[in-house]
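This report concerns only the one structure given below.
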Amino acid sequence: MVKIKELQQYAIQLLAECFATCVLMLMGDGAIANYKFSRQPSHSTLPIAISFGIGVYSALMLSGPITGAHLNPALSISLMTVGKLKLLQCIFYVIGQILGGFLGAALVYLVYLKQFDEFDGGIRQVIGPNGTADIFFTMPGKGTPQWNALVDQIVTTAILMIFGMSVGHKFNQMISEAAKPFAYALIVTGIICAFSLNAGAAINPARDLGPRLFGAFVYGWNEVFGVHNYFFWVPIVGPIIGAIVDLRESCALNQIQIIVKLFPQLEYLKTCMDRKEIGQITKYLLLKTNNTI
């Protein structure tokens, strides 16, 4: 049975994830809106990638001390599958993240409301020359089938997870704690620069589903979820698959690293056992127990 204190803790974590994800989407979707409405001749997505990176950094600063700043249901769900999060706790995290994405999109719409009217004449369209829905959620690139977009999301989310697990690994002495948020922001920026063409580089179900839910109130539910042959499921399912597969591989590699690190100690114990040096074995185990305590 869930205790009241646990529910209070989960509620605080929900609010922290919500606020941080809202800031992330405010920066990211705001950059897309600014790019679209300014009608820049350049097709470079670098300003958008940088804005998302800064959004990630800001979000980490805001909710990192409280929740670890998951910001991403794919990460939370994958951690739940290996027992790092409880089921109910994971649900609270995911709700907070999606709600944050919804609120972030709503704020971008409010800030740029008059620019929306200038761009489409007050008639909201999902796609086409005056379409603005791509400000809020991802769409497939021209000629990209859904299976290709799915592979794109699995691979890019796996890259994100591999990098994140490597940076956060306790054996990694190459980066300080203070530099880790910057490293996470940098990898997000790089992924968006490298892989935004096929499926918009969502790599995060909350980044797509939250704003898409808001978009449904602006453009219509059928239009938002039915566009591009019901593409909406790809940026939800793809990142979750990529995160789960990569996390399980990372856990396996972690076990191998632990075994390798302990190998000299195991060899020492084996030598003592072969020599029947019971006193040495007892002394060694007592020493290790005291160090652990």
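Each residue, glycine too, has its Cβ placed from N, Cα and C.
Feature annotation from TrEMBL assigns transmembrane segment to 12-33, 45-69, 90-112, 147-169, 181-203, 230-247.
The largest share of C-beta pairs under 8 angstroms with the transmembrane segment (45-69) comes from 12-33, of the ranges 12-33, 90-112, 147-169, 181-203, 230-247. Remote same-chain residues near the transmembrane segment (147-169) are listed as 74-75, 78, 140-141, 175, 180, 183-184, 187-188, 191, 195, 198-199, 201-204, 231, 234-235, 237-239, 241-243, 245-247, 250, 254 (criterion: CB distance under 8 Å, separation of at least six residues from the stretch ends). Taking Cβ pairs closer than 8 Å, the transmembrane segment (12-33) reaches residues 47-48, 50-52, 54-56, 58-60, 62-63, 66-67, 69-71, 89, 92-93, 95-97, 99-101, 103-105, 107-108, 111-112, 115, 134-136, 206-207, 210-211 in its own chain, all 6 or more past its ends. Residues 45-46, 48-50, 52-54, 56-57, 60-61, 64, 72, 74, 134, 137-141, 144, 148-149, 152-153, 155-157, 159-160, 163-164, 167, 175, 234-235, 238-239, 242 of the same chain lie 6 or more positions beyond the ends of the transmembrane segment (181-203) yet place their CB under 8 Å from a CB of it.
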